[in-house]
C-alpha cells in the first residue's frame, strides 16, 4: 500500500498527541490528510501539520469515516469507546493507552523487538507502556543472545508520563518551592486518586493506582507487558519480572535501574555491551572513564533508547546491572506508535481483516 | 562519665556540620563547651550554640587540646590529617567521612544495629555512608529475624549528600531552567571530576568516582560497609550485595528501592512489616489503601528511617521489595554521629585506650 493515507490523531492536544503530530510529520508515511481529534473542550484549536493549519475536531464515531490509520493517546476510556468505531469503519488503530494491551487478540508491539506480532492484528495494535518499552528495547538483544531468568527493575519516571498537566504542575511546584511558597499538588501521584502530593524536590513511589497485592498498576504493567512482548514471539521459557516504579522530579525522560540474570552464564559485560551496541533502537553510552552514561536531559527529543553502566554483579555469576534512559514521550509513546504505523504501511498491513471482532 | 564535656565539631559550617550543632543542642549530652572548627576560609564566622555565640576557629592540631569528643565532617583528607592529632590529645572522634571506615581497627557503627562494635574503639568510630545507614537500619531487623541471602539496591540520592554547594547548585539550576536559561553545572556529579552535568530536572547515575570494575565508589561503599556493619557483629554467613547509586533532583532525603532475599522462606510481607514496625529508628509507613508511603519531603528534619511498600516478589519465593527514605543529613550523617556520641557517653567510652595507634 503506497498511496497517500488519511491519518487521525486521537488526543491530538495532549503531551503525547502533539509529539505524534511531530513524529508523523518526520515519518516516511505518505499522508494525504491528517485529522486532529480531541474532546469538545479542545475542539476549534488550531495546530500545524507540514506547514498547514489544521482545526482540532471533537471526536465522534463519524470522525473515523475514510480514515486509514488512527494514532490514539486520549486515555483508556476514550480508546475503549472510539477505537471499535474506527475499526468498524475500516481504520487500523495504534493505541497508546492501556485499554487493549492485554487483550489476547491485540498485538502489543515494539517494532525492534516483535514486529512479527503485527501480522495477526484485528484492527488494533497496542503500544506498550512507556516504562516497559525502553526496558524491553534494552533487554531484547540480551534475551535473544543469552536468555533471561530474572529481571528486577526500579524506575525513575518523569512527570510528563502523567500528561501535560502533571508536567506543568511540576514546574509550578518547583517555582513555588524556590520562592519559599507552599506547593499545591492537584494531579500527582495519579489523577483521580484521593490524595495528591508534590513531586518537586520529592519522590513519589506510586504511579497509577494500587492493586490488591501491593503493587501499583504501573508495576503490574511492567511485569505483564514485558512477558507478553518477549515471550509471545521468542522461545526460551519463562522470565521472572518484578518492578518498583517511582515518579521523580524530571520533566521528560525516564531512567531505569535494571538488574537481570541471564541463562547463559558465559556472557560477560563486554559481550552484553556488544549486543546492545549492535541492537536496533539502542545507543550504548557506557564509558565510565570519560563519565559517559545516559541522562534524561541528553535523551530528550531523541528516538533512541540509551543504555550504560553495564556491569556484572560482583557476587552473583550471570547477573548484571545496567542503566536505561529514553524520552518517554517519543520511544515511550509517540515515536513507537508512529514507528508501528510506518511498519504497517511498509508491510501492507493497513487493512482490517473481514469479520474482525473487538 | 557524667561530667560536662567539651565537644569539637570539625567542618562546623557545612551542610552536615550545621546539623551536628543542632543535633548536639537537642541531645542528652551535657556539653560544657563547644568548639566549632573549620578551614581558614570560614574562621571568624559566628554560629549559635544553645543561645550563645560561638566563633568558628581555624583547625590546627592544638585545637583538640582539652577536647573530649570530636564530631568530624570536613572531608576525608581533613579527617586523615587531624583526627590522629585529636586522638593523640585524648579526644574520641566520631568521623562522618570515609577516611577510616574500612580500617579493621575502626568500628563502623549504626547504634540501632551494632552499638556493641563501639566497645573496641581505639579513639575513632566511623559513621557509615548516608545511603548505607538508612538501608542497614531497615535491613537489620529483617536480617536478625530471617537472615539475608542477597540485597539489590537502587538509590535515589538528594543533592545535599554532596554538600551545601551541590544543594545550592541544584536550586540555581532549577531556577535557570524554569526561566528558560542555560544551567551552569560546576559541582555535580562529583567535586573535582573532569565533567559536570546539571542535576535539575535530570538524573545522574554517578555518585563519587568510578572504580576499575565499573562501580562508583558510592556503590562500593554500600556493598562493603553493609557487610562490615551487619556481618561483623551478627552471625549468619555471607550476604550478597549489589548497588546502583543515582543522584536525583531532590534537596534533602534519600530514597532507596531495596530488593532482598531472606534465608527463612517462611517469612511473609506481614512478618517483615511487623519486625520493621518494632525496630528501633524505623517508622513503618506502609498503607497503600490510604496512599501512605515514605517521601523525602515528609522525612526532612526527622531522625527516623521510613519504610514502606513492603511486598513479596510474586514469582521468587523468599524475595521482597521495599522503599526506604531518610533525611540523609540527619540519620545519614549528623544524627547518627551525635547518637554514637550519646551512646559513648552513656556507656562510659569517652576515653582513648592507652597506646592507641591509628
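Positions of Cβ are set from backbone N, Cα and C atoms, glycine also.
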Listed in TrEMBL for the NADP(+) site shared with A:13, A:14, A:15, A:16, A:41, A:42, A:160, A:161, one of A:328, A:336: A:328
Residue, out of the binding-site residues A:13, A:157, A:160, A:328, whose Cβ gathers the largest set of other Cβ atoms within 10 Å: A:328
Around the Cβ of residue A:247 (substrate binding site), the count of other Cβ atoms that are within 10 Å: 27
Between residue A:101 (phosphate binding site) and residue A:160 (NADP(+) binding site): CA-CA distance (Å): 21
Close binding-site residues near residue A:254 (active site, proton acceptor), where close means Cα within 10 Å, chosen from A:13, A:15, A:41, A:101, A:157, A:247: A:157, A:247
Sparsest-packed among the binding-site residues, when each Cβ's other Cβ atoms within 10 Å are tallied, from A:41, A:101: A:41
Reported mean pLDDT - the domain 'Semialdehyde dehydrogenase NAD-binding' (A:6-121): 97
Recorded positions: A:15, A:130 - member with fewest neighbouring CB atoms within 10 Å: A:15
